[in-house]
Amino acid sequence: MNNHLILGVETSCDETSVAIVSEEGEVCFHEIFTQDHSKYNGVYPEFASREHLKILPQILRRAVQAHDLEKLTAIACTVGPGLVGSLIVGVMMARGLAFSLKKPVFGVNHLEGHLLAVRLVEKINFPFVCLVISGGHSQLIDARGIGDYVLLGETLDDAFGEAFDKLATMLGFTYPGGKTVEKLAIKGDSERFRLPAAMINQSGCNFSLSGIKTALKKIITSLPQITEKDKADICASFQACVARIMVNKLEQAVKICGHSRIVLAGGVGSNRYIRETLEEFAKNHNLSLHFPEGILCTDNAAMIAWAAIERLKAGCTELSLEPQPRLCW
């Protein structure tokens, strides 16, 4: 089949998204609804599922009104990893739509969607090292080709995005707090508080952030009355520490693989300080750094539709449609 046109559905966590993407990289329709879980101080799975049930039909209806779905090649949906209830909603609605249109439906690995999102806007070649950093995942992957990935390392506890949100909660900010931490860090002194950069003296590409979380709790409770200056300095110190960990593990990954290209993917990859730190690392090591802009960093359906197009073109369509909350490479 040529000139693929795919409708993608993304419901792995707390974003409800639908997109229609062409093989040429044109995003014909794209809508993302971000749920409000602030009163829970984190993603509440049951609420997420109910919101997907309510919102997804509305977005699909708008997609139908905006585009002739008879022209679609197929439907694609995230099958994992993610929250099981949220995944079930997306998979069942994608299957129902595909049945009504008499179109095939394909499952997509959410992490592969993040990894390939950059190729929707920039035709970079394989192989490359991909650092996926989001609220639920932190991994280093040797990407050798479509469907050919090797996990080099991952977090042993908290994901980077999760750590940002937990710090925000400790400081009294609403969930999600990653952007608040980033904004405050701009005004802070990154050298005021020394935080443990766990595992940077160990070989391999695994991360650990639990020690940083414990250290942050001690710092915050030791301050008699925390000021805005204290908060800014804590955020800046934390951000500098996690960026240092990323650089260290990325350097080890590049040495293992020997690739000259790096891809930064996932929502935390939109953090300006982290991007600038990794850009400096890449420049100093004669490497090229690539990342998608804007909403393509976050959970979105355009990356799911694009991953399906890439897999169709490569002849890799074997992924099961069963929701797989712990799906890995």
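Glycine is treated like the rest: Cβ placed from N, Cα and C.
Model, not experiment: these values are computed from the prediction.
Neighbour list (HIS114 (Fe cation binding site), Cβ cut-off 8 Å, at least 6 residues apart, same chain): VAL132, SER134, HIS137, ALA265, GLY266, MET303. Under the DSSP three-state reduction, HIS114 (Fe cation binding site) is assigned to helix. Taken from Swiss-Prot, the feature Fe cation binding site covers HIS110, HIS114, ASP299.
The substrate binding site annotation in Swiss-Prot covers VAL132, ILE133, SER134, GLY135, GLY136, ASP165, GLY178, ASN271. Around GLY136 (substrate binding site), a 10 Å sphere centred on its CB holds 20 further CB atoms from the protein chains shown.
Sequence-ordered, the extra residues of this chain that approach the Fe cation site, with Cβ no more than 8 Å from the Cβ center of HIS110, HIS114, ASP299, are GLU10, SER12, THR78, LEU111, GLY113, SER134, HIS137, GLY266, ASN300, MET303, ILE304. The two recorded residues, ASP165 (substrate binding site) and ASP299 (Fe cation binding site), have Cα atoms 16 Å apart.
The distance from the Cα of ASN271 (substrate binding site) to the Cα of HIS110 (Fe cation binding site) comes to 20 Å. Max Cα-Cα distance over the annotated substrate binders (VAL132, ILE133, SER134, GLY135, GLY136, ASP165, GLY178, ASN271) is 17 Å. Rounded to the nearest whole angstrom, the C-alpha distance between GLY178 (substrate binding site) and ASP299 (Fe cation binding site) is 15. According to DSSP, GLY135 (substrate binding site) sits in a coil region rather than a helix or strand.
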